[in-house]
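Visitor: Structure below; questions to follow.
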């Protein structure tokens, strides 16, 4: 009998722990998102916009690949490889439909520190200059790309390790002000690194703490060595790029295909340099020989991994944070969801696999992602199509870029960073919404400028956590509860029909980046629970019971509810008397709740609001001033609802 029980228990245990076919399929779809969206790809609707976007993206990938490779202190051809392989890997494993992965200015700048430290410029004279190595490049160039590939490999390993540890759920501590300040500071560093090319100067590599200021000190000390030809060509290139891009932005609704000014400028500058022999006549530095084809894969040198661990951590964190911000932005814009942990895996594998093909560290770039928005891309097919055109450049067009002046390439980098640099304008909104966030932005930017992007990011996160820890003990409670007593208090004064369509929620906790998402989830869960449990079916019709629930839930019941009860008006009153403080993320989530409910025909009224909260919400959300939404008390809000009900009834009778 005991043996039979053991056998039965063993069979039950093995059945519970044996993976079913459906579980394996579900796991594959979760870890390979391409299996989820590719079978449902609509060729008729999506292929044309994805193709157009892919062609435009390829232009950006090629130009930025060449430029960011130089920024990473390696030969430009390796930037072309970095524009190809990471995009393919991310299209398979990534969840962002509009995220363009490839070379990235910030990760290139970080990896350049390792390249210049381990293989400095003065080693060029000590290594053989023969072209017998891979791709026909010198041993010096190959040593440099080996270091950059090692940074990419180790950075990818760190990202995959963070995926295994499920650290994606901890990324909420990296707030929007910290990301904005870090990327703006890093973009300022990138512009500074291009000054020597813009001015045509010969300058030693300068890095380390306060290196930003040492570069400008060197420029002013050697101002006489500036090449006027390079300066004029740089200014002309920047003016042309800015003007044409602004015109493209102004007329993008009228013209379906914008002018690829980066590509036109590269062709024109290369042709002019070739015809006038600027390299020898004026001493302009050019890109030089671009090898054809893709070399056989080779593992990065493992013996130098310990020497690049600092840069690898910087690449892993900075690249992931910047990419995740873009992925979350696109998901919010186009109404889909992403998994923060899956993004760790996607970017980690992009860096690991690409490092075997002589690629520099990769991440998503703001300019390329914005380009996908503007050209109407639908899916990652646009990125895969761009890879086809990058391959054409690698195998056919690459050698024609020999005569491209470096000052023109630097101009393309500087103008391409415009989206990051104009984030200085965020200072105004942070000042108006929350001055502490303004202080975090400024201090994070200063630390990034004085040290590096990874140091600035770390400082911003630590500073944010310290401030929240210091503020949270002052909060009275961290719970959200239904304010039933207020319902009973006003029930004798107002008719029951009014109260059936009103839900009163009391928020008795601070609303900051730590709990903004949970606030939204708890709010919706509470509304669903209260509508499901607390309203008796025999007292209220089924339509009345579910109207507010259907309006606020994310299910597919909205149309049905609106059809069955077209004249019902629902109200949600948020009692904000428990607000002790808030930040930019909290105000953003509160405005999002207001907008979501408004889109579902639910009026949101806020009671007991402080003057600072009213000012912040009005400034952030551009709220409709014609309808009052802020009230001194919950009773005042309910009285407002009751008067509106009476007015609507009077208007209905008058129409009859």
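Using the three backbone atoms N, Cα and C, a Cβ is placed for every residue, glycine included.
These figures come from a predicted structure and were not determined experimentally.
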Visitor: For which of the residue intervals 45-65, 108-128, 255-275, 276-296 does Swiss-Prot record transmembrane segment?
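Guide: Going through 45-65, 108-128, 255-275, 276-296 one by one, Swiss-Prot gives transmembrane segment for 255-275.
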Visitor: Answer yes or no as to whether Swiss-Prot lists residue 32 and residue 252 within the same topological domain, that is, on the same side of the membrane.
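Guide: Residue 252 and residue 32, as annotated in Swiss-Prot, occupy opposite sides of the membrane (different topological domains).
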Visitor: Would you please say which range out of 228-248, 480-500 has the annotation transmembrane segment in Swiss-Prot?
Guide: 228-248
Visitor: According to Swiss-Prot, which listed range is transmembrane segment: 19-39, 145-165?
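Guide: Matching range for transmembrane segment: 145-165.
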Visitor: Under 8 angstroms, Cβ to Cβ: which one of 167-187, 384-404, 405-425 has the largest number of such pairs with the transmembrane segment (76-96)?
Guide: 384-404
Visitor: Given a Cβ distance threshold of under 8 angstroms, which distant residues of the chain, six or more beyond its ends, lie next to the topological domain 'Cytoplasmic' (365-383)?
Guide: 34, 37, 41, 45-47, 49-54, 56-57, 60-61, 64, 87, 90-91, 94, 96-105, 183, 249, 252, 258, 322, 326, 329-330, 333, 416-420
Visitor: Considering pairs 6 or more residues apart, do the transmembrane segment (449-469) and the transmembrane segment (307-327) have at least three CB pairs under 8 Å?
Guide: yes
Visitor: Using a Cβ distance cut-off of under 8 Å, indicate which of 167-187, 307-327, 384-404, 405-425 has the most pairs with the transmembrane segment (255-275).
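Guide: The stretch I would name here is 384-404.
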Visitor: With contact taken as 3 or more Cβ pairs under 8 angstroms (pairs 6 or more apart in sequence), are the transmembrane segment (145-165) and the transmembrane segment (307-327) in contact?
Guide: yes
Visitor: Tell me, roughly as an integer, the mean pLDDT over the topological domain 'Extracellular' (188-202).
Guide: 92
